Amino acid sequence: MLPAIPGNRLTRAGNGDGQRSLHETNHVYHNRSSSFNQSRPGVSSSAAGSEVRSETDLSIGKDQMPRGRSAEPTLRPSIGHPTRPLTRLPDETTEFQPLGRIRREESNIPISGDLAAHQKPGLPQHKSVQNVPKHSSIENRTNLSLQDFSRAIREAAKLKNDPHKVEEAAKLILDAMLWDNIQKLPRDNMEIVVARHHLGECYFHMGKYSEAEKLYREVLKARNSQKPPDPLKILEVRKDLVATLIEFARLEDGGDIAKAEKLNSEALALAVDNMNDKKNSDQDDDIDNVLHCTEVLLENRNRKPMELARLKRTRVRALVKIGDDMSDDELIDIKYHGIEAFKLFTVDLKDRKRGYEVYHIIESRIWKYGAHDSGQFRRATSIEEEVKDEWRKATGMLASKRWKKCLKKIRADVIRNVIPRKKEMREAWYLICRRVLARQRWQRASAEAIREAKLRIAHRRRLASQWRLVVHQVIERKKEEDQKKKRQEESEEKRKRGEERRKRDKEQKRLREEEEEEKERAEETRLKKSHEEREQKRIEKDLMDKRKLEDQAAVRAMVLEEEAAQTARAQRSEDPEIKQGIRKTDTGISEWSEPETPLHFNSEQAFFDAETELSSIQNSEKWMRDFIRSRDMILSTRQEKNMERVRVTIVDTGLDTTHPFVAKRQWPDYRQAANKKVALFQDFVTETPSVEAIDEDGHGTFIAGIMLQLAPLVELSIARVATTRASFLKDPNAEEKVTKAINHAVEEWETDIISMSLGFPRIKTLEFRNVIGKATWKNKILCAAAGNSGNINAHVSFPARLAGVFKIFAADHMGGKCSFSPRPGLDSEMCFSILGHDVVSIWPEALRDKIMESGKKVIEKKNSKKYPGLWVAMSGTSFATPIVASVVAILYQFYDANKAEIDLGPALEFKTVEAIRIILLRMCMAPAADQHNYLNPWVGRDNYFNFSGEERNSVSFFALMLRLCLRAWNT
């Protein structure tokens, strides 16, 4: 805040420094009574209510000194008080040279904005005063901190309390704001804002009102933009700005009158806002400022009536806010300006509402003034009567003006319109009279017609009453007839229910008898079946004994065959074909291949589905449900939009897309590539292949159904290589079709996994070996059925017999080897068994009769909505193969979704034949003698993949096990 006027004996509470705010020491009173210097009742002169700015805010505390009439007279004199300048001091009293003799470089110091931006290069910066700390010299200016800046501002605040040191305080603040660290601060920094506030006070006392006004406006803008804004600080800045504007207007009053009036108007607006501010606890200064501004502005009588009325109304409102300690002169002032205000509103502006508002304010104030004592009551009564008379005159003048205007208008209309048309008006009068007479005659006729109409209405009402009576009688008669008819119908209905009950009892009795007969037949069938099972077990035991003997003989035969194969290889080394460039790898022979027969040997090929008795179907279905439940613990049931699907190809007899389950799974028949659509069904059977997916046998649909159950989110492509299983056995080109199908899957579809539930005892062409070798070299996972020959044939069929191909065998739901599944080959680490007994999958509805004739078991699904269509149960290695392919597809899906968590590093690749072989071996149970590696994905060897924790941790567990498994193999 600004320092007090010299000689002010009021001191700041606590330290004895003479300190009063700008709006306390420099407010302007209006020309009121000489009692202004007396204490106003209810206003305390103590400094107990002072609001002191905190030292961290760099603001100087101010006392809440008594304002209004209890303060000293200010720049504008009151009655009986001489005029005294604000801060005009003799030149000889200050230790600084006059402002006009300040050095040129000091006079160029800016008062606002970025101080460093206005510093002219080459000019020496002015030195700081002695009160600044030693380290704030020009040499150490770059090392000065915000704390030093705060200390300098506090020192300046103390200096400006002394009127002789105001210029020194201003120079100290300007020097501090030119420090390097301070110039880097933003303009709205509160430290800078407080410094500008102090600088504005210094400029005010120095008489530089224009510079002070600019600084106060910037400080007010910064205070308003503060988050959250401080209403009390904003109020203080506004009060200082009002005092500055008033002094600035006084300075311009002798020169630019328009500018002085503009400044007074702006000061009036701000003072009114301060006066009406609810947080303003001391309104005396603001009231005095409003009265001063209105007094100055009212000196110009050449104003519009609206402006004069508003100024007088504003003055009245300010006088009303003085309160109970209002003097007689102030009451007279309220009366005088109030009467003029409501006269201007009511008479000149014809705004009776605003005039009445001013009148009501005056009346209520006068009434409160007269409520204190009898003397004031008499004066208030007299003034109130005078105000009422003036109000009546004003409203009467308004009414008189309106009436005179109306009479003048009527007289003009009569002169202009009535007198020239006197004859026409007489004729019009006669016409009106004739019309009135005609109207009277019409009214009499209308009354007569109404009377007659009432008589007719009464007559019609009597007739309507009679008619309603007749209708009521008819309705009653109808009700009686309906009730009688209803009773007859109820008796007839009762008789019919009795007959139906007797028939139902008779039918139930017959059904119970049939049920008892059915139970007897079922018991007989059970006993017969039990006997057959015992007989079957005995036969199987005999077969097992016989098989052991055959196995021993087979081992000896294998040894002999191996010796013969070695001899044959030695002979083939001299074969001219080999010398012509046929390599060992071109024929598919490797360290994992088993002994093969010559290429030219003609033999039968087949799909491997065994004709076995279907039993334990419920256990197989439970195995499938457990598989799906375990899969859902580690995989999402929905495909991620940005994740590519795992691609699986089935080489078989095709797919029936009309099956409801296939439609429910929404199998897509094409893939949208970059510039074309790639069909996911390809027919290799005929020269004119089918474009739409078909299956005339059902075997391929059964295989695809298994895949759609266990891995529904894969991209499934179908390669049709046979019309039916019977035609495949007789087809001489079957091997060529399978070769084309595998090559198409690798090259065109770019598949990841190929499932082949078929086989050949021998291979005829080199192309078949080469395409298998090419697929395994590209790390495509090939799953092939081992065959259903049991112990009859000692060798696994092709292509399962080739190196790099996963050989799939069948097991029951407990992992036991099925009787139709052949023995494992020499490469036991590529031999895997999984559920292949009583597997349940879909079958084409068009081939229902065919499956019924073959003796296969048709399954009725309990949840027909989830599993619609025809379902059957079959056994064979053909049906174990797609299950293993589903396991590999699930591993690929899990890896794609959790690459970051598995984190194999750059040295290891997941989607390779070797990596999948290692993982599948780890998922297998420890094999018994003469058994396959039984694949149990969710348990594994030594419970490696057995997870028993919370379901939300299953993904992390499975990823950890895969990482450990592959890293252990890599090391």
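Backbone N, Cα and C define each Cβ position, glycine as well.
Annotated features in TrEMBL:
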- ASP652: active site, charge relay system (ACT_SITE)
- HIS699: active site, charge relay system (ACT_SITE)
- SER878: active site, charge relay system (ACT_SITE)
- 31-48: compositional bias 'Polar residues' (COMPBIAS)
- 127-138: compositional bias 'Polar residues' (COMPBIAS)
- 646-897: domain 'Peptidase S8/S53' (DOMAIN)
- 1-138: region 'Disordered' (REGION)
- 478-540: region 'Disordered' (REGION)
- 193-226: repeat 'TPR' (REPEAT)
- 870-892: transmembrane segment (TRANSMEM)
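Locations of recorded TrEMBL features on the structure.
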{"residue": "ASP652", "record": "active site, charge relay system", "Cβ neighbours (10 Å)": "30"}
{"residue": "HIS699", "record": "active site, charge relay system", "Cβ neighbours (10 Å)": "26"}
{"residue": "SER878", "record": "active site, charge relay system", "Cβ neighbours (10 Å)": "31"}
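For the repeat 'TPR' (193-226), the number of residues in each DSSP class (helix H, G, I; strand E, B; coil) is 30 helix, 0 strand, 4 coil. Each residue contributes its Cα atom, and for ASP652 (active site, charge relay system) and HIS699 (active site, charge relay system) those atoms are 7 Å apart. Distance between Cα atoms for SER878 (active site, charge relay system) and HIS699 (active site, charge relay system): 9 Å, as a whole number.
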